[in-house]
Structure formats: structure tokens, C-alpha cells
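A short worksheet on the structure shown next.
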């Protein structure tokens, strides 16, 4: 991902304020509600029968936190996203058979959740930088599929 120094600083500064527990659970929950076909990858998560069930599901929250912790690792290695996410790409491709388009969907949902949480602080410039990052992460996670 090519970010300017200013973009990197903006992404890093905002990310330092992110509550990964809260934002991770909300982002994954919203993905499962807005794009219900993604639920098929989470059969073991129990009740996903309604938006309230999804958003209150402790397994969704826990996995969302795990996802954002991985995303945090990516932010520390923006110049080597493919290397950073190589094992996760392999897992999601070979074992879990996740449609790589879902990585893009989750990235876009994450941007929406960040905008919701940070309001005016999430300026168009910050959003543009985050869109680059989530696209880079989605591309890195899809790398094994190519």
C-alpha cells in the first residue's frame, strides 16, 4: 500500500484511539447483518437468526476482536501486507474457502464503523487513507487465491 507520510500519520493516530473489542465486534456483526450470505462461514457461532442476535453474539464479538488485532499487525507492516497476511490468506483460501470478495466487504464495513465512532474526526482525507489500507489488506488476504 502506498501511503504518503501524512496518510500514514493519520491512519496511525486514529487507530491508536480504536477500541478493538468494540469496533471489531461491531464491524464483523454488521458484515453478517448487511451481507447475510457471509454467515455461512460462521456456522459454529450459534444464533445468528436476527440482527440483534448477531450484534449480541459473544462469538461474533470475540472473532471481530481477533480480526482487528490482525488488522493492527497489518498497520505495523504496511510495506509488507502480503507477507504479514500470508498465513491468514492460506487459511482462508485452502481450509475455510472464504470468498475473497468478503475481505473487501469487511474492509468497507470497517470504514463505516470507524466513521460512525469518530464522526468529524474521520475526515474525508482520513477515510481516503483508510480505504487504501483496507483495499491493501483485502488484496493481501486474497493473495493465495491467485
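Keep in mind that glycine also has a Cβ here, set from the backbone N, Cα and C atoms.
Given the structure is predicted, the values throughout are model-derived calculations rather than measurements.
Annotated in Swiss-Prot:
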BINDING   63, 92  heme b binding site
DOMAIN    2-146  domain 'Globin'
MOD_RES   1  N-acetylvaline
MOD_RES   12  phosphothreonine
MOD_RES   44  phosphoserine
MOD_RES   59  N6-acetyllysine
MOD_RES   82  N6-acetyllysine
MOD_RES   93  S-nitrosocysteine
MOD_RES   144  N6-acetyllysine
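Inclusion criterion for the modified residues 1, 12, 44, 82: a C-alpha placed within 10 angstroms of the C-alpha of residue 59 (N6-acetyllysine); this criterion is met by 44. DSSP states for the domain 'Globin' (2-146), grouped as helix (H, G, I), strand (E, B) and coil, give 120 helix, 0 strand, 25 coil.
Cβ neighbour count within 10 Å across all protein chains ranks 12 highest among the modified residues 12, 44. Around the residue listed as 'N-acetylvaline', taking its Cβ as the centre, 20 other Cβ atoms fall within 10 Å, counting all chains.
The number of other Cβ atoms within 10 Å of the Cβ belonging to residue 59 (N6-acetyllysine), over all protein chains shown, comes to 15.
Across the fold, the C-alpha of residue 82 (N6-acetyllysine) and the C-alpha of the residue listed as 'N-acetylvaline' stand 10 Å from each other. Recorded residues residue 12 (phosphothreonine) and residue 44 (phosphoserine) have their alpha carbons 34 Å apart, per Cα-Cα distance.
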